[in-house]
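Chemist: Quick one: this structure, given as structure tokens, is what I'll be asking you about.
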């Protein structure tokens, strides 16, 4: 029942994540999308920090079931708000049966099955008592990548497929392909830090799991703020390329500074380093989607947005798998430095990550020398992880050199958009800028007044 419920919840959350981006693309011009992408990024960053704190508190003080119950009122409020305020123009798309026939069911099945196999391989390879060379990891990994190849072939050659999930035309554009790869690297590095920074807090700072989540606040809040500010900057200046360089530079610097952290590092250091890294992640997150959409026709907006989100999720898998592999490989070779045979046995067969907790370290407080050996062992493992991450951040910086600058226009060419309706009071204000524009201020009255600004581009008559 738990698996079934989580599956349904995952389908819903994935749809919400994708549709929120697509709706923004359908109701605002490409120039303004960066600002809204920044706002979405800010909400996501804040929620990702609050979520483990609230969830942990409920699990400890009430019941883990409340983690799911709390979604009911919040989802209900969101559904009511959408019904009241989101009024979209919907062109005729056929009957419900015809709409179902347009869905790429075969591509969806191949993609889901492939990703499930890859995730299963990473789970088995990194779990205690297993290894990356076992058949439990190798077989699903091979099946997953074979499935991805079949998915690509299906998208390219299936004659009956009218609307493929990921049109290969998306990957015929150099700018789109490059930024897709940049997005994978960015997502990978984000999860890289989110997965292993709590290890540092628990090992070196005696932080509990909930406390380590709170200690991630500096990174999340600055990432949210940077995303919003960069989105506004892109809207005003129409330039996004420079932010790729700024973001990956900050991320590389942040990872480099992480290598300096140890048990004696003061609070100012780890807070400052996380702020630096958080700024970088927020900058890159907001500046990628506008770069992709600027290089593609409006007809590809939905497919490109979905592909961007999928590749980000794909990158997050590697953001856990690669550092975990580095972590386990180093631990296997360096565990001999620990003098206690009993502790060395605990660190084998995947136990090195399982025991990276405050409770495990505290159990050796009466053996000061052994405790120092264990802490130094973990700090050295983390330093290697951070050094490898700097390399990937540098790759992202170099790839940004391949991204050209494409003009972000004010025109909105889409079959969808905000509904016209009879509730609108239209006030037009004419102004001249670098392009002739008419700014239409739409004031809606529907049980309450809602003011929206909407831009259209017009050629001079």
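Yeah, the Cβs are placed from backbone N, Cα and C, and that goes for glycine too.
Keep in mind that what you see is a predicted model, and the values were worked out from it rather than measured.
Per TrEMBL, domain 'Major facilitator superfamily (MFS) profile' is recorded for 1-408. If you look up TrEMBL, you'll see 35-54, 66-85, 105-125, 137-157, 177-201, 213-236, 242-261, 273-296, 308-331, 384-403 marked as transmembrane segment.
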Chemist: With a cut-off of 8 Å between Cβ atoms, can you find at least three pairs linking the transmembrane segment (105-125) to the transmembrane segment (308-331)? Only pairs 6 or more residues apart in sequence count.
Modeler: yes
Chemist: Do the transmembrane segment (273-296) and the transmembrane segment (137-157) come close, with at least three CB pairs under 8 A (pairs 6 or more apart in sequence)?
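Modeler: No; fewer than 3 Cβ pairs under 8 Å.
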Chemist: Can the transmembrane segment (242-261) be said to touch the transmembrane segment (137-157) if we require at least 3 CB pairs below 8 Å and skip pairs under 6 apart in sequence?
Modeler: no
Chemist: Averaged over the whole of the domain 'Major facilitator superfamily (MFS) profile' (1-408), what is the pLDDT?
Modeler: 84
